[in-house]
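**Student:** I'd like to ask some things about the structure below.
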Amino acid sequence: MGNEFYKLSVGEKALKFINYMLIIALCLSIVLPFLNILALAFNAGKDAESGGIYFWPRVWSLENFEKVFESTNIASAFGVSIFRTVVGTFAGVLLTAMAAYALKSKTLPGNKFFMMFIFFTMLFSGGIIPTYMLYKSLHLLDNIWIYVLPGLYSAWNLIIFRTFFQQIHVSLEESARIDGYNDFSIFWKIVLPLSRPVIAVIALFTAVGHWNDWFTGAFYIRSEELRPLSTLLQEMLLSAEALRDTLTEAAGVANYERLAKIQVTANSLKMATIIVVVTPIILVYPFVQRHFAKGAMIGSIKE
Amino acid sequence: MQPVTSSVSSSVKPKSKLWKSISTHRYLYMMLLPCVIFFLIFSYIPLGGLLMAFKDYKFNAGILGSPWVGLKYFEAFFNSYEAKQLIRNTLIISGIKLFLYLPFPIILALMFNEIRSKWFKNFSQSILYLPHFLSWVVVMGLTQRILAPDTGLLNEIIAKLGGDGSTFYMMEANYFYQVMFSSFVWKSIGWDSIIYMAAIAGVSPDLYEAAKIDGASKLREIWHITLPSIAPTVVILFILSLGSILSAGFDQIYMLRTPGNMHLADILDTYIIKVGLQQGQYGYATAVGMMQGIIGFILVILANRISRKVSDTSLW
């Protein structure tokens, strides 16, 4: 590689250099804001107000995190997020894969009709208000199962699963049938174990979707303790009122003297919350990152 | 008599065959049944709920029992002073995301293609894919902080360099499009480049060899070989994305909206949420959403047809 480099013309060398520099700059544009937020989250809030904090805290403090956990519903929000991510992903992936396997069978009477029936839902939906009305009549509003039930099946994932299952060799299934397996046990004991890569990818994307969804918690849930992490953060970012309440709470009920004493500020609380929300994703990301990139390709095969 | 009996016997025979086939597939039907029920409830019932767009919805009477109002809500929307601005804002924002953004991930893919160092490529790609997995809530939290007046990172740096450093980027309408577009590029560019990289990887090396023999420079290689080779991919992806032209990205815009930029940031999606969920004008909001859905639907169908004609590739 080194030799090759010396053979290049000056112009090409310059181009190469610029190319590397631009990519490094792009990477920095992603890493540096995170470092900045991290530094602010670990810096005493009142001190940060005077500015000048870049990528390292000036006055170290864990108070932001303490106050966030004391005075907001972040603990229960964490629980809600974990619950919906685990249960929603597990049930959703399993059920969708099962239906996709059934629809893979070319001999199944009505196969084409069912595919159209499902595919159509990707093109046209009733929209937000009729969906809201449906949830209302199903008593799903302000109910924790609203995070799981409407996401049990995904037409898009179903099509990806089906495409994958179609590539599994029929002879495997045929020989299992001779051994006395029924369709369900073939799916469970043969098809699922063979499909680990595609299951991993779809499970990861489903899990990220669950973790990141703030909309459901913001518009279909009323009780504070049923809100997931991302909704909690969204409210902190958009509503000054929610923040003021949190701050007063942090100081003890409307105790202005104590309010003057505590070191946290609206901004420092926000920073700590952002860190709490992204930490699980950042921790898991390096390990699953390869699957994700593969996932982009699976999605594109369809297109 | 004769023809009738024969027709009966021939229609019974396939029927019993059908039944037999259904019963041999009973396990598959059991696996499929919950799925069908799910889509019936969660997708098709809301489709029926679109009737609300033509009714004066009364809570006690339910959707079916409420009185018809015809196209009143559609007329009301198009006659409202907001309609023009909403449609304009939606088209501008999604236009920026469809047209202006289009070359960015392609350029990034071309740039990655020139990187020879494997670890550098893997490492930088890992970093650039990351924002795709963060929600818009988090991204906007970062943006708010970095762009904050005085103490935000950007303003601090500007002040250090001798500039003003007190601009409130999120509040000032002048900066709305810049903030919207750059945060969009920031979040999507890495991930969206993957598909173009795959397309570039598929270009035959023979073509590059031939170009090298002819003494073509790197830039000419890109212009005359790489770009024409990936053009079909670009065209398909672009045509398919046209269907979303009336949804400008609710999450991002909702988080980006401030009193200062509202006249630019109010789009159809945020409007539907406002009048529907927050003000309770169910019928009216359903009508606006339905109009958006129908136009999107027609565009997807058209786009698919064009894509099939142009490139022999289509979604169905």
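Cβ coordinates come from backbone N, Cα and C, glycine included.
In TrEMBL, annotation is done automatically, which means it is predicted and not curated.
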**Student:** Looking at B:127-147, B:169-189, which stretch does TrEMBL describe as transmembrane segment?
**Tutor:** B:127-147
**Student:** Using a cut-off of under 8 Å between C-beta atoms, tell me which stretch among B:27-47, B:229-250, B:282-303 contacts the transmembrane segment (B:98-115) the most.
**Tutor:** B:229-250
**Student:** Could you tell me whether the transmembrane segment (B:282-303) and the transmembrane segment (B:229-250) are in contact, taking contact to mean 3+ Cβ pairs under 8 Å with a sequence separation of 6 or more?
**Tutor:** yes
**Student:** Near the transmembrane segment (B:127-147), which same-chain residues lie under 8 Å Cβ to Cβ, leaving out any that are not at least 6 residues past its ends?
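**Tutor:** Residues packing against the transmembrane segment (B:127-147) from afar: 108, 153-155, 169-170, 179, 183, 186-191, 193-194, 251-252, 255-256.
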